[in-house]
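Engineer: As listed in TrEMBL for this protein:
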SIGNAL    1-18  signal peptide
DOMAIN    25-225  domain 'Diels-Alderase N-terminal'
DOMAIN    234-361  domain 'AsqO/PenF-like C-terminal'
Amino acid sequence: MYQSFLLSLVAFSGLGFAKPFTQVTKTFSFPFKPHEGVTTVEGISRPGRLDWPKLSPGPNATTFDWWYFDAVSKDTNETIVIVADLYGNDTLGLPTFGGGTTVGYIAGNFANGTLFESFGPATSGTTVKAGPKGINGDWKEAGIKFEGSSLELPYVTYTVTIDSPSAGISAPHYPCGLNTAGQNQEIVPGVYWANAQPDAIATADFVVHNERVAFEGYGYHDKNWGSDNLRRLIRTWYWGHGRVGPYSIVWFDTLDQHGKKYYSSWITKNGKVVAQSCKDKAVVVEPWGGNTQFPPEPKAAPPNGYTISYDLGDNKAFWANFTREVDHQVNDIYRRFSGSLCGGIVGGKQYEGRAMAEQFQHPALST
């Protein structure tokens, strides 16, 4: 049972802001059943719409869109992950509850390592309102609501609440650019990404099975969407985010089903961008400590951790080491875990912190 849940994320961008633009608030209603016609997938960013819905008029059987939130305690093993999903029947390999597209996901773990996880259908659909003052979403029967302020403000806040009896520090950005119009949102052909809060101050307070979990730590919010079944697009990806000392980092190291690698790097120091790039090997993630086969096969056990190497240019590099400590979601094709993180500029002071990471391990397509 999930009751009285509150997750608050606050981030300070530390960047300048674009000139104001005229925009009206728009309401999007997505029914539980998938759209039966053609769905248009947004590929190029539009002003003020980084966190808006990306599928028009809504998800059909072969498209997906989600809003992802997580928080990692700075002191314990406690974590929380919340996802407000829109997905077609076979796009993500997740429960569809009779073919529905509007599903909520809640997972995490207590300080003692005990896990909790639940999928819940929003059987009467979902509503998302977005405009110049921000965004809010209601996944109704799934019990998930989120509200975010305008990303143009110096302090960006998100609040996620859960009422489900049944069950910062960095600026917004796209894969290869900041939060401005005209950015390419595609991180891999057919898969798109927008990162509204790469790092934030997080406060979580909730009750699971009559046991309270409350912590302060590091928060994160992004969204992904796509034009096809994810297994047909992605062979594997290594993704994660964390904080070490004054640095906030996000990494994406991806292999598509045609054997091509894609990268997206992001580092800030005290809110100021140190590095952001989609160039070849901008950030290279390598597993260590056993189970290091690449690409990882379905059902393979996860590695003990990753080394994460960022190319900063001018013969400079940032290096981090992630050690897996707690597994949060485990199935044949997907792993998510949290753990310790250490790193810094190579040759400079090294810091310690915490991180969340995930690994997809899809089978190769039949030829």
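Every residue number used here counts from 1 along the chain in the order it is shown.
Using the three backbone atoms N, Cα and C, a Cβ is placed for every residue, glycine included.
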Engineer: Using DSSP, how many residues of the domain 'AsqO/PenF-like C-terminal' (234-361) fall into helix, strand and coil, respectively?
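Structural biologist: Split by secondary structure, the domain 'AsqO/PenF-like C-terminal' (234-361) comes out as 0 helix, 90 strand, 38 coil.
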Engineer: Any idea what the model's mean pLDDT is for the domain 'Diels-Alderase N-terminal' (25-225)?
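Structural biologist: Mean pLDDT for the domain 'Diels-Alderase N-terminal' (25-225): 88.
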